[in-house]
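Going by TrEMBL, these are the annotated features:
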TRANSMEM  21-46  transmembrane segment
TRANSMEM  52-73  transmembrane segment
TRANSMEM  94-113  transmembrane segment
TRANSMEM  151-179  transmembrane segment
TRANSMEM  199-223  transmembrane segment
TRANSMEM  229-252  transmembrane segment
Amino acid sequence: MLPVKPSMLLLHFTCVWHDMCLCVLVVPFIIFPAAAGFSLGILLKIGVTMPYIIYIGVTTTFLVAPAVVFFFEDRYNTLVRRDSDTRSRKVKRIIYFTVNYLFTLVALLPTLLNLPDQTDAKALTLRQFPCLPPDVLDTPGFYRASDDINVLAISCMSVNFFGFVQVAFFFGATALKVFNMKSTSKRTSEMQKHLFKCLCLQVATPILIIFIPCSYVVVLSAMSYLDQAANNIVCILLTVYGAFSTISMLVVHKPYRLATLQLFRFRSTTASTSLFVNSFS
């Protein structure tokens, strides 16, 4: 379990930051086909401008991709690679993940470097989507990031595709190794299979809650089709992802589940003892 902890910690930290950012700092309402929306979060209240808020919010969601990649690459490096402990391998991994994170951090720049005039952008949004209530466009902080949704769609799909290809490779290579182990004992082999299945179940959460719905909405956006129901569902899923991720981790990993239950039992016992003592004071 020890070799898995750094990748699990990174993924969990990313989930916590994702939740804090989208539920407290940004709180976005997004109209995906228009590449527009507004913020209800703390950042807007303290005077941060919308281009920076857009970059922080979108890039935070993008950061889930390299965290998931590292999750699977770590298993691949431990189980499949024979040179996992060599210095050269460690240097290559540092360079590899530096490239991954740099790509994620700059993926949105083509959109933000060509921001439209907001008066013209609002008029264009109303012409393209006349079904939108006018008061939505008059909401303080309403901002359109691009006149051409295809630029933003390409950025989003590039991050998704780049992450998916890497995860598919590491998943396939590790699965072949785990389910065809012959040089280890039966007990060790079963433990490795069980752990790998648990890790896959945990990582299924961001894939189901973030990547698939977001990819669906991005495709609709590229077609300039506004589905308000899908739009709202994706906004909700993005903000509750952290809760589902934590629950999935507690469900699939017994040590974490037992530690959490023990923590609640300890607090419950402490509270009961304190109440019993106070009743005699």
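Positions of Cβ are set from backbone N, Cα and C atoms, glycine also.
TrEMBL entries are annotated by machine, without manual review.
Owing to the predicted nature of the structure, the values given are computational and were not obtained by experimental measurement.
Long-range contacts of the transmembrane segment (229-252) within the same chain, counting only residues at least 6 positions beyond its ends with a Cβ under 8 Å from a Cβ of the stretch, are 8, 11-12, 15-16, 18-19, 22-23, 27-32, 61, 64, 198, 201-202, 204-206, 209-210, 213-214, 216-217, 220, 260. Outside the transmembrane segment (52-73) by six or more residues, the chain places 7-8, 10-11, 14-15, 17-18, 21-22, 25-26, 28, 39, 41, 43-44, 93, 96-97, 100-101, 104-105, 107-108, 112, 143, 145, 159-160, 162-163, 166-167, 170-171, 174, 199, 203, 206-207, 210-211, 214, 238, 241 with a CB less than 8 A from a CB of the stretch.
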